[in-house]
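Annotated features in Swiss-Prot:
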- Asp8, His10, Asp41, His197: Mn(2+) 1 binding site (BINDING)
- Asp41, Asn79, His114, His195: Mn(2+) 2 binding site (BINDING)
- Asn79, Arg80, Asp122, Ser160, Asn164, Lys167, His195: substrate binding site (BINDING)
Amino acid sequence: MATLFIADLHLCVEEPAITAGFLRFLAGEARKADALYILGDLFEAWIGDDDPNPLHRKMAAAIKAVSDSGVPCYFIHGNRDFLLGKRFARESGMTLLPEEKVLELYGRRVLIMHGDTLCTDDAGYQAFRAKVHKPWLQTLFLALPLFVRKRIAARMRANSKEANSSKSLAIMDVNQNAVVSAMEKHQVQWLIHGHTHRPAVHELIANQQPAFRVVLGAWHTEGSMVKVTADDVELIHFPF
């Protein structure tokens, strides 16, 4: 058996091929797993569980079917869907996890997270993140009419795209000191995360021992997952 990890699907109505690929994944590979972990940015945007977008209901039903089949499903918020709440989690059968979680997997201690908190060189993003994660601000935003939230979200995405276009690739990647600090804080030799869209397996030293950072790829023209078994930790890309 295996435990599966995915992230950064950025599901939206404008990308039906990705949605179709995810549905096939849920109906196939996911049903064979010990557990499925979604490490954020499942959706391109999330403005509240009350958004009647049919895509959201469709995805909730598909994930719920996996959960009902006996495969527990877990979710860590990303920078795009950090407002995904208890209502959607209940409808989809997912368990919401904190932004950093340590798992005991087949004899390994594995730290999982979305990954944006590791990009500490991007001071502008980290300041923005701290602001939008304030509970009072989230409560205020979610109390706004849906059409107002949609306008605000669209403006924020446009601003983010413009800001990122002028940033270096290095700034938007993880900070190595932040990586080591997180792994030593949790006393782990394995870290799995997404966010950067730079799939790879990196070797490093943490806790004065060899350690590994596995980065999930985004779902663009193919799927990406990490498959953890008793024998191996594999980063796998597969066609939709």
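Backbone N, Cα and C define each Cβ position, glycine as well.
Classification of Asn79 (Mn(2+) 2 binding site) by DSSP places it in coil, neither helical nor stranded.
With Asn79, Arg80, Asp122, Ser160, Asn164, Lys167, His195 listed as the residues that bind substrate, the site has a largest C-alpha separation of 19 Å. Ranking the binding-site residues Asn79, Ser160, Asn164 by C-beta neighbours within 10 Å puts Asn79 at the top. Of all the binding-site residues listed (His114, Lys167, His195, His197), Lys167 has the fewest other CB atoms within 10 A of its CB. For Arg80 (substrate binding site), the same-chain residues that are 6 or more apart in sequence and have a Cβ closer than 8 Å to its Cβ are His10, Gly40, Asp41, Phe43, Glu44, Ala45, Trp46. According to its DSSP assignment, Asn164 (substrate binding site) is helical.
Neighbour density at the Cβ, taken as the number of other Cβ atoms within 10 Å, is lowest among the binding-site residues Asp41, Asp122 for Asp122. Contacts of Asp8 (Mn(2+) 1 binding site) defined by a Cβ separation under 8 A and a same-chain sequence distance of 6+ are given as Gly40, Asp41, Gly78, Gly194, His195, His197, Leu216, Gly217, Ala218, Trp219, Ser224, in order along the sequence. Looking at His114 (Mn(2+) 2 binding site) and Asp122 (substrate binding site), their Cα atoms lie 16 Å from each other. Cβ neighbour count for His10 (Mn(2+) 1 binding site) (all protein chains, 10 Å cutoff from its Cβ): 20. Other residues of the same chain near the Mn(2+) 1 site, with their Cβ within 8 Å of the Cβ centroid of Asp8, His10, Asp41, His197, are Ala7, Leu9, Gly40, Gly78, Arg80, Gly194, His195, Ala218, Trp219.
Using Cα positions, the member of the binding-site residues Asp122, Ser160, Asn164, Lys167 nearest to Asn79 (Mn(2+) 2 binding site) is identified as Ser160.
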